[in-house]
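Asker: What Swiss-Prot records for this protein is below:
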- 1-184: topological domain 'Cytoplasmic' (TOPO_DOM)
- 71-90: region 'Interaction with KCNIP1' (REGION)
- 185-206: transmembrane segment (TRANSMEM)
- 207-226: topological domain 'Extracellular' (TOPO_DOM)
- 227-249: transmembrane segment (TRANSMEM)
- 250-256: topological domain 'Cytoplasmic' (TOPO_DOM)
- 257-281: transmembrane segment (TRANSMEM)
- 282-287: topological domain 'Extracellular' (TOPO_DOM)
- 288-307: transmembrane segment (TRANSMEM)
- 308-321: region 'S4-S5 linker' (REGION)
- 308-321: topological domain 'Cytoplasmic' (TOPO_DOM)
- 322-345: transmembrane segment (TRANSMEM)
- 346-357: topological domain 'Extracellular' (TOPO_DOM)
- 358-369: intramembrane segment (INTRAMEM)
- 370-377: intramembrane segment (INTRAMEM)
- Thr370, Leu371, Gly372, Tyr373: K(+) binding site (BINDING)
- 381-403: transmembrane segment (TRANSMEM)
- 404-630: topological domain 'Cytoplasmic' (TOPO_DOM)
- Ser548: phosphoserine (MOD_RES)
- Ser552: phosphoserine (MOD_RES)
- Ser572: phosphoserine (MOD_RES)
- Ser575: phosphoserine (MOD_RES)
- 600-622: region 'Disordered' (REGION)
- Ser616: phosphoserine (MOD_RES)
Amino acid sequence: MAAGVAAWLPFARAAAIGWMPVASGPMPAPPRQERKRTQDALIVLNVSGTRFQTWQDTLERYPDTLLGSSERDFFYHPETQQYFFDRDPDIFRHILNFYRTGKLHYPRHECISAYDEELAFFGLIPEIIGDCCYEEYKDRRRENAERLQDDADTDNTGESALPTMTARQRVWRAFENPHTSTMALVFYYVTGFFIAVSVIANVVETVPCGSSPGHIKELPCGERYAVAFFCLDTACVMIFTVEYLLRLAAAPSRYRFVRSVMSIIDVVAILPYYIGLVMTDNEDVSGAFVTLRVFRVFRIFKFSRHSQGLRILGYTLKSCASELGFLLFSLTMAIIIFATVMFYAEKGSSASKFTSIPAAFWYTIVTMTTLGYGDMVPKTIAGKIFGSICSLSGVLVIALPVPVIVSNFSRIYHQNQRADKRRAQKKARLARIRAAKTGSANAYMQSKRNGLLSNQLQSSEDEQAFVSKSGSSFETQHHHLLHCLEKTTNHEFVDEQVFEESCMEVATGNRPSSHSPSLSSQQGVTSTCCSRRHKKTFRIPNANVSGSHRGSVQELSTIQIRCVERTPLSNSRSSLNAKMEECVKLNCEQPYVTTAIISIPTPPVTTPEGDDRPESPEYSGGNIVRVSAL
């Protein structure tokens, strides 16, 4: 070991000064230190085809997670000796790095919902995300939650929910989303018009309109045309009252609606009118009445229901409540500090207007907000110095929260823009689907009128095949099975109605049809998948059938009917071979299935004939089993 180090020492010194000496002989092998890992093993993690390798000790650092516990054995494949996870390999890189470094990072280019799903799958909580990424993660998560909430509200007020809505829900939906119906849109514009009229009237009634007869002093328009303004105010208040009562009646939660900000604004907007009706016109209450009339200006906030920009501003102020609280707290501290300093700095001046600390509040507020009315100015040198410091500190204190408020406003604005775009795309997509359905139906009806469907059926065989395709699949399979049995056995299966018609033709002396009544001879029957078996003819006497067609029907010997929870029934030979009208009707109303075993007597010596139909007009001598549907 020492010899190896001594051999490497000249090369290490040469590398330290930037050059390498020429070796006279081959360099010795570097010293190796065997790494002993008795309990640690190399684990291969296959994530959707991407292989990751790490040590078992690395994963077991966090035993409360999926990879660090024994639960990962559920994903082990003995054939490949790998742990297979059908997850996103890009996000898994950051999860595996958490096991290696102990720090979890949030990839900015990944979807926040997919990232949360991966963390939940592997048993990691978002609170362990590093400080470098946690704030951005919270912002993205909040935006996603708001977007999902907007989508849920849109789906709840969508057109698809109209058939299941009650009248109360329809009214509330019309108020919240006026574009759902024509009447809601008309009421929306009517209320907006009366809000504008009310605000304009509240402003115009204070404008001087000249003096009335008998008065020298000019009167405001509200007093000179009191009747006109009263009627106008009454009409506006009636509209606002009806709107408020309808909203209150249709609100999903009346308690939450009454406590909402917009509900309070509506009450404050209409309450002064009703109080003014019951108040007497005297000097004692005139001051209170004037104070109540001031609250009519709050009607302008009703425009927030009609303006998306005002709603975005309200959402911005609500989301920036913490920043605004910090701004207010900082201004309050600065105002108190600088007002106290300015009072004591100007206390020695006789011409100073800083008579008290509360009186100095006005100067501090005006200075920190950079207004500078000039009604109060410092006279001493110390007062001017502290006034300059107060002005500079005001700029810094006010400017700090402004970027946060602007960024929140921009975020909420773009979020609403995306929501409007998604709603427009969804509406256009539904319109295209509706148009496609209508166009397809119209095209089908037009082609049917033009006879395009009938022209496709060029022959009777094609028409029969078309009818058979449109029939029941069960019936088609049933005929196919009987057809295969007819081909592979020496029996012919005849439809019950065809068999009775053939018997009636023979009984009346008419010449039966030349073709066989079996299913194989009928048109429209599909080809069988089984090969034909050589058929043999049996002649068996039948006492219950007329002599003209006695040899065409095989006699049934006995039938055993096994019923569920009943004793087996046996029918006689005569009843089995009786005519259809003499048979007892089957009871098909029972809830159980009846199993019937038909035994056919052993045929006598066979008389081989041709494989095809016989030349005689009678039916073939093959065994004909009459099949009925149970």
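Cβ from N, Cα, C; glycine included.
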Asker: Might you list, by sequence position, any residue in that chain lying six or more from Tyr373 (K(+) binding site) with a Cβ less than 8 Å away from its Cβ?
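Answerer: Spatial neighbours, sequence-distant, of Tyr373 (K(+) binding site): Val366.
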Asker: Restricting to the same chain and to residues at least six past its boundaries, which positions have a Cβ under 8 Å from a Cβ of the intramembrane segment (358-369)?
Answerer: 331, 334-335, 338-340, 342-343, 376, 387, 390-391, 393-394, 397-398
Asker: Count up the helix, strand and coil residues in the topological domain 'Extracellular' (207-226) according to DSSP, in that order.
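Answerer: Within the topological domain 'Extracellular' (207-226) the tally stands at 5 helix, 2 strand, 13 coil.
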Asker: Can you list the residues of the same chain, besides Thr370, Leu371, Gly372, Tyr373, whose Cβ falls within 8 Å of the K(+) site's Cβ centroid?
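Answerer: Here the nearby residues are Val366, Thr367, Thr369, Gly374.
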Asker: Take the topological domain 'Cytoplasmic' (308-321) and average the pLDDT across it for me.
Answerer: 81
Asker: Should anything in the same chain at least six residues away from the topological domain 'Extracellular' (346-357) have a Cβ under 8 Å from its Cβ atoms, list it; otherwise answer none.
Answerer: 339-340, 363, 375-376, 378-380, 383
Asker: Please count the residues of the topological domain 'Cytoplasmic' (250-256) that DSSP assigns to helix (H, G, I), strand (E, B) and coil.
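Answerer: Residue counts in helix, strand and coil order: 4 helix, 0 strand, 3 coil.
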Asker: As a test of the contact definition, list every same-chain residue at least 6 positions from Leu371 (K(+) binding site) whose Cβ is closer than 8 Å to its Cβ.
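Answerer: Residues satisfying the criterion: none.
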Asker: Could you give the residue numbers and ranges of same-chain residues that sit at least 6 residues beyond the transmembrane segment (381-403) on either side and whose C-beta is under 8 angstroms from one of its C-beta atoms?
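Answerer: For the transmembrane segment (381-403), the nonlocal Cβ contacts are 320, 323-324, 326-327, 330-331, 334, 338, 341-342, 345-346, 349, 352, 354, 363-364, 367-370.
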Asker: So what's near the transmembrane segment (185-206) in sequence-distant terms, Cβ-Cβ under 8 Å and 6+ beyond its ends?
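Answerer: Here the qualifying positions are 174, 178-179, 220-222, 229, 232-233, 235-236, 239-240, 243, 269, 296-297, 299-300, 302-303, 306.
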Asker: For Thr370 (K(+) binding site), which residues in the same chain are close in space, meaning a Cβ under 8 Å from its Cβ, but six or more apart along the sequence?
Answerer: Ser391, Gly394, Val395
Asker: May I ask which residues of the same chain, at least 6 positions away in sequence, place their Cβ under 8 angstroms from the Cβ of Gly372 (K(+) binding site)?
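Answerer: Listed in sequence order, they are Val366.
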